[in-house]
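Here is what TrEMBL says about this protein:
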type: REGION; residues: 1-30; note: region 'Disordered'
type: TRANSMEM; residues: 68-89; note: transmembrane segment
type: TRANSMEM; residues: 101-120; note: transmembrane segment
type: TRANSMEM; residues: 127-146; note: transmembrane segment
type: TRANSMEM; residues: 176-194; note: transmembrane segment
type: TRANSMEM; residues: 201-222; note: transmembrane segment
type: TRANSMEM; residues: 234-254; note: transmembrane segment
Amino acid sequence: MADLNHPGAEKEIGQTTGAAPGVNGSHATARDYHNPMAHIHSNQEARLPAFGGEFQPGLYRSVEARKFANPAPLGLSAFALTTFVLSAINLGARGVSAPNVVVPLALGYGGVVQLLAGMWEMAVGNTFGATALSSYGGFWIAYGILLTPNWNILGPNGPYASPATQAIDPKMGESAVGFFLTGWFIFTTILLLCTLRSTVMFFLLFFTLDLAFLMLACGAYANDNNAMDASKKLTQAGGGFGMLAAFLAWYNAFAGIADSSNSFFLIPVFHFPWSEKGREIRVNKSERDTV
């Protein structure tokens, strides 16, 4: 097997595997099978370090010449408030159990406003931010529709309450909601993997959100299986992780809004030691110690 660390490894791969010709007729190399933009941030151009307040999980270009304001705090705030309210209900705070109060927030603030923030992230060239905020805006719109009585998706006389469905599984709607939440758990896991080289606070936002989706999905499945105690505990656990995600979203939003012109203090975001900024800090510390 060719050693990919060897200087001639790419040439060897093209020669020995009989790979199809690549760009300009050259043999395909190991790099041809990856994202062609994978190394766009590894050149010598000055870059800013990962920052949750900008919804940037990796190095990104300076924002000095940007014509748009930073849309990330808006999207984060919309996500945080809607998640906070739903999580409070999932926790059973003050005995509230009906989630319908979330519908106007899900459609308006968490949905449309967050979706717009995602579109503006696209305008400023932030692929991660556009994907995440637009998607979660879509999630809240979909969830709002799911809970809207006039749509009657989960209500009496709805598609999951028909005699034919009831004969198969009286609680089929719970498993359907579980599928819905499982899909969002998978999507959030993908985004989580992209934050592993960013900051602790940015990573924790997606980590807690991921666990919230997982707990809520498992709670829905448990409900369908008539494991009511387990369903209640799992839903409460989902509410707890959702509450943490809401406050972490607000934390990152504040980090993106606050600066020396409007705040008496700035909050830390804690770069991972293996991130670009973390390595820079270690190198500078080592140089100071040497001096």
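Glycine residues also receive a Cβ, built from the backbone N, Cα and C atoms like all the rest.
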Spatial neighbours of the transmembrane segment (68-89) far in sequence, C-beta under 8 Å, 6+ residues away:
52-55, 96-99, 101-102, 105-106, 109-111, 113-114, 116-118, 120-121, 123-124, 126, 129, 133, 136-137, 140, 209, 212, 238-240, 242-243, 245-247, 249-250, 252-254, 256-257
Select the range from 101-120, 176-194, 201-222, 234-254 that forms the most Cβ-Cβ pairs under 8 Å with the transmembrane segment (127-146).
101-120
